[in-house]
Amino acid sequence: MIKIGIIGCGFIGTQICSAVDSGAVPAVLFGVFDFSDEKANAVLKSLKSGNPKKCTPEEMIESCDLIVECASQDAVLKYALPAAENGVDMMVLSVGAFQNPDFYQKVKEAAAANNSKIYVPSGAIAGTDGLKSAAVANLSSVSVTTRKPVSGLAGSPYLVENSIDLSNLKEPTLVFEGSAAEAVVAFPKNVNVCATISLCGFGFEKTAVRIIADPTISENIHELEVFGDFGHMKMMIENKPSPLNPKTSYLAALSAVSTLKKITDPMQIGV
Ligand SMILES: NC(=O)C1=CN([C@@H]2O[C@H](COP(=O)(O)OP(=O)(O)OC[C@H]3O[C@@H](n4cnc5c(N)ncnc54)[C@H](OP(=O)(O)O)[C@@H]3O)[C@@H](O)[C@H]2O)C=CC1
Ligand SMILES: O=C([O-])CC(=O)C(=O)O
């Protein structure tokens with residue numbers, strides 16, 4: 001069985017550990033790492049099987065087959081390249097880190113040279129299967145519109161730097177319009193889905209993003225619209241936010257677990 005290390009013991013990290021612990025994902029949990037010892041200890045305490053421990057990402061790179069990053073874009077920038085250079089696979093949730101084309105290229109080349117893989121789950125969005133197929137021919141436009149409750153956007157660098165206060169918002173309000181490259185920097189914890197969509201084929205610069213703060217909803221809603229040689233595709237998903245982190249949808253954790261199941265399964269279904 002593959003040996004896994006988890007960087008980030010928040011909502012997604014906890015769900016993944018639990019899936020490995022229950023046997024739903026046939027893997028061995030080597031260890032976990034978080035800035036917060038308290039969060040790492042809490043996850044470890046909740047587990048019943050194996051002998052996972054607190055460890056550093058460097059120890060994971062030394063000992064694991066696969067590292068799951070479910071922490072932050074900074075963690076991807078710090079650990080994706082050393083993991084790839086050492087032939088260790090990585091699953092990345094904070095996908096926005098790949099908006100830097102030099103970094104993306106370096107990681108991809110290191111993975112190719114060292115026979116390792118970088119896995120990017122579909123996360124909190126759907127439609128990546130159709131978009132990837134459509135991208136084999138010409139695409140003419142790809143856009144993502146994200147609607148989140150105010151709690152799902154609060155504290156993002158764009159709102160803070162532009163002194164945008166959403167606390168008294170009464171109706172849906174467009175707070176950002178731009179490229180995916182700009183969006184994932186402006187809202188690093190809120191729209192990694194736009195990075196995933198960009199990587200499916202149309203790129204960070206050409207993928208258009210709109211972010212709407214909506215005080216009338218409790219779900220995180222993502223709409224994807226694609227035009228191309230294949231025709232026209234529209235996808236809308238209404239995600240329940242996680243109970244622990246309102247920025248993150250429950251589906252993102254399910255998608256990470258599903259990707260682990262796919263990695264460890266000899267049968268590969270779907271695109
Ligand atoms: N691809 C997708 O579709 C989606 C991606 N995400 C992204 O996935 C990631 C995990 O989400 P979620 O579990 O909800 O996040 P949480 O905030 O619940 O948990 C992340 C944990 O990782 C810690 N952390 C952050 N950076 C580092 C680091 N460099 N080293 C060690 N620990 C670190 C955080 O500490 P602290 O709180 O102190 O920073 C926090 O404890 C986030 O980046 C999120 O934006 C989320 C939803 C969808
Ligand atoms: O979970 C979501 O709905 C989207 C999200 O936070 C992200 O893409 O970073």
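Cβ atoms are placed via backbone N, Cα and C, with glycine included.
As recorded in TrEMBL, the features of this protein are as follows:
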- HIS222: active site (ACT_SITE)
- ALA124, ASN192: NAD(+) binding site (BINDING)
- 8-121: domain 'Aspartate/homoserine dehydrogenase NAD-binding' (DOMAIN)
- 169-257: domain 'Aspartate dehydrogenase' (DOMAIN)
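ALA124 (NAD(+) binding site) sits 8 Å from the residue listed as 'active site', counting Cα to Cα.
The Cβ of the residue listed as 'active site' has 26 other Cβ atoms within 10 Å, all protein chains considered. Counting only same-chain residues at least 6 apart in sequence, those with a Cβ under 8 Å from the Cβ of ASN192 (NAD(+) binding site) are LEU93, SER94, VAL95, GLY96, GLY123, ALA124, VAL184. DSSP labels the residues of the domain 'Aspartate dehydrogenase' (169-257) in these numbers: 26 helix, 33 strand, 30 coil. Assigned with DSSP, the residues of the domain 'Aspartate/homoserine dehydrogenase NAD-binding' (8-121) fall into helix, strand and coil as follows: 60 helix, 19 strand, 35 coil.
ALA124, ASN192 are the recorded positions among ALA124, ASN192, HIS222 whose C-beta comes within less than 6 Å of an atom of ligand 1, given in sequence order.
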